[in-house]
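Down below is the structure, laid out as structure tokens.
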Amino acid sequence: MKRNILVLNLAAIFLWMSMYTYVPTLTSYATSLGATAAMIGAIGGAYGIMQIALRVPLGILSDKIGRDRLILLIGFVILVFAAVLFIVVHDVFWVMIARGVSGAAAAWWVVICSSYAKFNAEENQVKAQGMLNASSNGGKVVAALAGGLLAQAFGLHAPFYFALIAALVGLGCILLFQTPRESKKIVPPSGKELLSLLKNKDMMVFSILAIFGQILSFAFPSYFTSEAAKLLGADSSQLGMLMVVYFLFSAVSSLFVGTKAYKKLGGIKCLALCFLTGALTCIPAFYHMNLAVIYVMQAVSGIGYGIILGALAGFVIKSVTPKLRSTAMGAFQSIYAIGIFLGPVIVGNVMEVSTMDTAFWVVFALMLAATVLTVALIPKEYDKM
């Protein structure tokens, strides 16, 4: 149903728009409240830990009750609550709680993804996931641009109000979602089927690789790159533009997934190349030059992230039967949320005991490992999917 495809793309846009409006300046805001590097890492980790806990149960629940509209409405109510929390609290601990609540809302991404798969043909699943990721990254682009400009004009608290507006608009979009009359409620997987899912080697490989992709994204582009930029004199609007560049290139590169050119080059080769270039963006020297160089690093990281997540999500969809897709996407996203948690926590704690340069080299090594694992572990049949 074309209407639901449009609604779900809008839901993706406003979900991430609400959660990322304040990301460019969240580190600065937390620092203004007295947060250390480790505390900032904990704030980022709180966002990830809630997704680890919730995404698998949400995937199972989506399969079991088959009422996507109701489940999505609940998710956007939580998103509204997260924005309200950010507006009313003024303490590092409660900022961490608010980020955790927004992480809970982010877990609803699995419901959007699995619902979106129901309205796209089997042969278009990889391309469809790339399109949905492009919508999500488009929302992040608008969020980063608006957040940076609002913070520059009205202060670091202003982006939270925009986040609330985006959440409310997203809630309104979900009200337009229609459950098809001919739709069938998917029978939830049995315990044996869930066990078989956990034994699905391909899905586990894709999930583990996605952890590396999220570590790269949430270690630097989403949090600590702004610290390097601030040391070079960046203001709030420039911090916002850093995220705009990152998400814009992520959105555009997501559209590459599933195209003829992508299939001709090969999905495995694309992933390996993206992890390798991700490693190169972690060379510390780039972040001591000037803001223009940091913008280039953000663009390169964004291209890699868009392709990595789009391709791996499509591979997961293809690796399981339709009956297990909601649960599989929940498991995939729950596992890769480990990277959302580990990225800022690792960097924050390494910076606390050493330097930011050391943290860059740690992530550099992890991305080289991911490059090798991509080539060694992904079955060759996925190269042309």
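Positions of Cβ are set from backbone N, Cα and C atoms, glycine also.
According to TrEMBL, the protein has these features:
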| type | residues | note |
| --- | --- | --- |
| DOMAIN | 4-382 | domain 'Major facilitator superfamily (MFS) profile' |
| TRANSMEM | 5-23 | transmembrane segment |
| TRANSMEM | 29-49 | transmembrane segment |
| TRANSMEM | 70-90 | transmembrane segment |
| TRANSMEM | 160-177 | transmembrane segment |
| TRANSMEM | 203-224 | transmembrane segment |
| TRANSMEM | 239-258 | transmembrane segment |
| TRANSMEM | 270-287 | transmembrane segment |
| TRANSMEM | 293-317 | transmembrane segment |
| TRANSMEM | 329-347 | transmembrane segment |
| TRANSMEM | 359-378 | transmembrane segment |
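Outside the transmembrane segment (293-317), and at least 6 residues removed from its termini, the chain residues within Cβ reach (under 8 Å) are 113, 117, 125-130, 133-134, 137, 202-203, 206-207, 209-210, 213, 216-217, 220-221, 225, 228-229, 232, 241-243, 245-254, 256-258, 262, 267, 270-271, 274-275, 277-278, 280-281, 286-287, 325, 328-329, 332, 336, 378, 382, 385. Looking only at the domain 'Major facilitator superfamily (MFS) profile' (4-382), the predicted model's pLDDT averages out at 88.
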